């Protein structure tokens, strides 16, 4: 129990860090009146958007909560609500600090690069620590309540269901926030560029462009709030899933031993919050004034300090590091394991994090072949830029896949599925630092915009541009990291699904093992349908951005037409109207695609079950008692395959989109730095096209694949529980359907 | 045996049709001297390329043949050589008629649309019938020789191995031909456009452009010869695979019954050649002068007549349509089936063909939402055109996937894996007609080029343009069709793989069942690695086009610089030099990506086997006698999963690329027809960018995924046989490695 208290303490420290650092950031000078006015407009727009987004999500959330209450009872509902509210809170708080740090970063950049870097990074660190801290607190406090106050067994069904519901709440909010925010930010960005840069011929962030405030709002609601909700979800799902998999797969363990092992992911997460906070103090410019180098110093310091820290808490929690843990396994036919084994798995997790960061840097950094090849191909026009960008985006999936494949096999050989789960836990334990690096990006992006709009001297803009450039890489890093953790978690989620199937076999009316062999046509069909989801989801996201951007273009054209003073610079454009239009469009567009992964497992189960029952072979194989039992088994097999299909295809779709998009963006930046003709050249125009294409790729469709994968898996787990509850009681399900 | 003779007769009829129709085409007037000169240059270039390509492939082929001879013996080697030579021949003959029909189509288009249509379509039909006829003859004659002259049992190992080797030969050639031809045609196309349209500002097919002949050569070597080799491969693999799956999975059948069932795919293929030939006579312009309508008349006539034709041959071959066929199944736990059941499965196959054609038409035709949405989005620039095109390309995967999923489940419920195989057979039986529609495209494309270069009157060019426009859709149709058949065949191929594993269990040192369950990490790893292959392959293909196009641009620039008379129109550019440069580039670029799918299963097997042996659990699960046996089982499980991973991801990559590319191309055509500003508008420029991006998507990377999937599967089957041979004898393998 002491371990859980320690983990809660670490979570509290993260929150305290957030408050203290917020105070420091807010104390920094907010610039002149003009800058403050602009910042106020951005704040107002961001708040208005997030308010409306949360109200819309709340409606969906309440409906889901009622369904959960009727089918699975109050505990699940509370877990769901907790996850949903905290996921929303993580996004809200992150956005709130980000819209205040932007103007202060611009002001600090008047004096020095280090000043701007410190402010922007501190603001990012607040978001990062709050994401990790709130995530850890949510799980740890819930776990503490369930086993302490409510008196459930650590591996009891109540704990498993509550943790699953917590993850579901976080996932549901995060898919809306990621997608809605992603559509907002890119619709505003693309729309502003199209009508400003292309049609009117005015530069980016020109205050005459009515969409310019919407563009800056987008950075905060998409890249900051949406990203924070997404990473909160990833954190909660991964740590929670590790605990669930211990509860499900190591039944031989009881009493203190069980509690210690189940608390280990919590304290690993806790201690890594501390190492992340320490790491933030290593972020300083060196002699070379390399911004990326400064950020990396923080990251690598955190990673290095985490090695002994994780060892310390592991040996403290488990005692003898060489003792074999657990007796028989169910579901995981891996070897039994030791504390040392788990520690090595966690080190593999850290190594995966480092490798994913390095690979993303290679594919999106301006010093390496991929970005330079796109820049070079821009010389021959728009078409060749896009062709080369697509080639790089396809290619960029290879190394991360190999890293994940090696990690899966190695950790599985050491400690079975539990080993994979612990690797994912240590990967995510660094979330505080990784999110800090990412949330730094929108602040500097905004700072640049404010500097431009407020007419600050050119050297300020040069400094904010330098700060912003590395943001493209750090943003890509977080997305690769999140999807990488999803791939690592895939087998663990599948393990939870199969174990639950076995657990509920009687209630579900299953008479034999569900056959997940690739030679079953229902499995192949499930794989194909699962693989389709990221494609369809991506298509929705890309189309939504195109449509919403179109409405921005029309509004701006109308404003230019109605008031010729705007272009002349004599009258102020109606920024609020554009923000309002993008807000409405983004919220309208996010609903349908977000429901796709929620409904897919349910629809696939019922359709396949019905079809397989109808077409059950005659004579029936012995193990199935009836055609219905055969049909149910095939339905569950198809859903299981769907879960793996969605990750097998989603991993590639997500990585290719996020890395490719980052590479396109930085190829443009590389040309703007004076290569291949520099700004204004034909190559630059082609690179702008590539950047526009990459925008919805990397900031809308690609990153939303990560919560989409999780939500499909969690809905499948909840569906099993709901079907089982209906099977034994029946009434609750009928009430839900009837009322 | 009479059925086999009838099938051979049908194959001979196809060849005779080819010769007779060739005579008709060649009798048509070849135009004036200028046209003939241009055509001669194209002929010369195409022959030179194909000659060099075949010489390069021959080197690889001889090496592979030697390895096969040493590991698997003379019979396999002969089968391989037969498949390879005929696949090459199908491409060569198709190209040969295409480069003669082009100029004659241009000449015929002087008089009437119908005249041009008839000539171009006849030329396509020659290629189509030869592809199907040669494919059918290859399998039927080989089968006849093996069971007649050599006296093997129809389901004996000799037959299975020879048919597999035949498929391997066809696949190996076709991946080189598809990829090499694809790189050639798009490098020339993109290069010519970039330097001609964009830099020099001269129209497409302008004789002053030194790359213009290379562009026309590309249509013949890529879209005609490469496509023909690909479809030959698909035909041989599908029909052969159906026969192999009968031999492997219906062991209860003997004597005449077995021979009748194994001959059924042959005679279905044969009778559909006849219906395809009949269908060609339905291709006539109606009152509306709709070219697509004329082509569809031919297709639908063939499909409709095929229904009673297939019924007739099925009942003739099997006798009683209601009798249950086969006793016990191995591997396929589907129901036992009847003649009626097989007939219904084949009807489902025909329905899939029709639906795939209809869906492709929807996504690539100018009358429907997808193409129009891309055209509309071109108004706001290059970026939005590409974004919308990518969205459509992602979306276009959904309906084909659903069609395939429904077909897999329905046919499996009717007749197990054999049912799926027969659906694929009837799908492919229409290949003669489908290839005719496709091979028509490059002829009209060339005719347009020749009309432009020879300075024929504008109305001729208008007619050839109209003929060419539908070519974009028919080209996309064939590619969707080929990849759809691969998806349908995936389960059948996997069934063959698992049955072979069981057959060779002793020789391979397998002590228990290989576990293909999704809960095995080695299976998940195999799925991920398989899913990676199409991405990596696509990246290679796209990069290769970019690089080769770059060398075209440089050559053309040099020619313009060295001789200013070229642009003035006073001196003739050195067409041959450009052709030569593209030839060398395409052949160099095709080698590495083509070897990727050949080597992948072998590497994955040995690496996973080694890693799993090293990390075998302790204590070992009872069913494995040793760590080595455990390792081998995991290696084979990973390879099996790789085979499904490559189709699960390849289906989406291929469809999105081919449909998306077709949509981009026709969006440009739609604008050129006077919509959204028409030719020369900003929207048109954006649409040209989209078209350029779509080029390597639809003509290089996308279509080559189909043979890539097949070759991965076939190499896996051959690897099993080779490992088994080495296991029992050992010596042959040592010789191969040592010598």
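For all residues, glycine too, the Cβ spot is worked out from N, Cα and C.
DSSP assigns residue A:475 (site 'Determinant of potassium independence') to a helix. The site 'Determinant of potassium independence' annotation in TrEMBL covers A:475.
For the transmembrane segment (A:6-26), same-chain residues at least 6 beyond its ends with a Cβ under 8 Å from one of its own Cβ atoms are 93, 97, 100-101, 104, 119, 122-123, 125-126, 129-130, 132-134, 136-137, 140-141, 144, 263, 266-267, 269-271, 273-274, 277, 432. Taken from TrEMBL, the feature transmembrane segment covers A:6-26 (among others).
Summarising the annotation, TrEMBL assigns transmembrane segment to A:54-72 (among others).
Under the heading transmembrane segment, TrEMBL lists A:78-99 (among others).
The feature transmembrane segment is assigned by TrEMBL to A:119-146 (among others).
Beyond the transmembrane segment (A:158-177), the same-chain residues lying 6 or more positions past its ends with a Cβ under 8 Å from any Cβ of the stretch are 53, 56-57, 60-61, 64, 68, 72, 75-88, 91, 135, 138-139, 142-143, 146-147, 150, 152, 225-226, 229-230, 232-233, 236-237, 240-241, 243-244, 247-248, 590, 594, 597-598, 704, 707-708, 710-711, 714-715, 717-718, 721. For A:158-177 (among others), the entry in TrEMBL reads transmembrane segment.
What TrEMBL records for A:260-283 (among others) is transmembrane segment.
Residues or ranges marked as transmembrane segment in TrEMBL: A:339-364 (among others). Long-range contacts of the transmembrane segment (A:339-364) within its own chain (CB-CB distance under 8 A, at least 6 residues past either end) are made by residues 264, 268, 292, 299, 303, 306-307, 310-311, 314-315, 318-323, 325, 370-371, 392, 396, 399-400, 403-404, 407, 410-411, 414-415, 418-420, 422-427, 429-430, 434, 472-473, 476-477, 480-481, 484, 488, 659, 662-663, 665-666.
What TrEMBL lists as transmembrane segment is A:385-408 (among others). Sequence-remote contacts of a segment are chain residues at least 6 beyond its ends whose Cβ falls under 8 Å from one of its Cβ atoms, and for the transmembrane segment (A:385-408) they are 348-349, 351-352, 355-356, 359, 363, 370, 373-374, 376-378, 420, 423, 480, 484, 487-488, 491, 651-652, 655-657, 659-661, 663-664, 667, 686-687, 689-690, 693-694, 697.
Non-local neighbours of the transmembrane segment (A:414-437) in the same chain are 14, 121, 124-125, 127-129, 131-133, 135, 227-228, 231, 234-235, 238-239, 241-242, 245-246, 249-250, 264-265, 268-269, 271-273, 276-277, 279-280, 295, 298-299, 302-303, 306, 310, 329, 331-335, 337, 341-342, 344-350, 352-353, 407-408, 474, 477-478, 481, 484-485, 488-489, 491-492, 495; each lies 6+ residues outside the stretch with a CB under 8 Å from one of its CB atoms. TrEMBL lists A:414-437 (among others) with the feature transmembrane segment.
As annotated by TrEMBL, transmembrane segment applies to A:481-499 (among others).
Summarising the annotation, TrEMBL assigns transmembrane segment to A:519-537 (among others). Sequence-distant contacts of the transmembrane segment (A:519-537) (same chain, at least 6 residues past either end, Cβ-Cβ under 8 Å): 593, 596-597, 600, 604, 608, 612, 634-635, 637-650, 653-654, 701, 704-705, 708-709, 712.
The transmembrane segment annotation in TrEMBL covers A:714-737 (among others).
Non-local neighbours of the transmembrane segment (A:119-146) in the same chain are 1, 4-5, 7-8, 10-15, 17-18, 21-22, 24-25, 28, 79, 82-83, 86, 89-90, 93-94, 97-98, 100-101, 104-105, 108, 152, 154, 158-159, 162-163, 166, 170, 224, 228, 231-232, 235-236, 239-240, 243, 262-263, 266, 269-270, 272-273, 276-277, 280, 283, 295, 298, 431-441, 443-444, 447, 467; each lies 6+ residues outside the stretch with a CB under 8 Å from one of its CB atoms.
Tertiary neighbourhood of the transmembrane segment (A:78-99): same-chain residues 18, 22, 25, 39, 42-43, 46-47, 50, 54, 57, 61, 64-65, 68, 123, 126-127, 130-131, 134-135, 138, 142, 161-174, 177, 220-221, 224-229, 231-233, 236, 439, 442-443, 446, selected by CB-CB distance under 8 Å and a gap of 6+ residues from either end. Sequence-distant contacts of residue A:475 (site 'Determinant of potassium independence'), defined by Cβ-Cβ distance under 8 angstroms and a gap of at least six in the same chain, are A:223, A:227, A:438, A:441, A:662, A:698, A:699.
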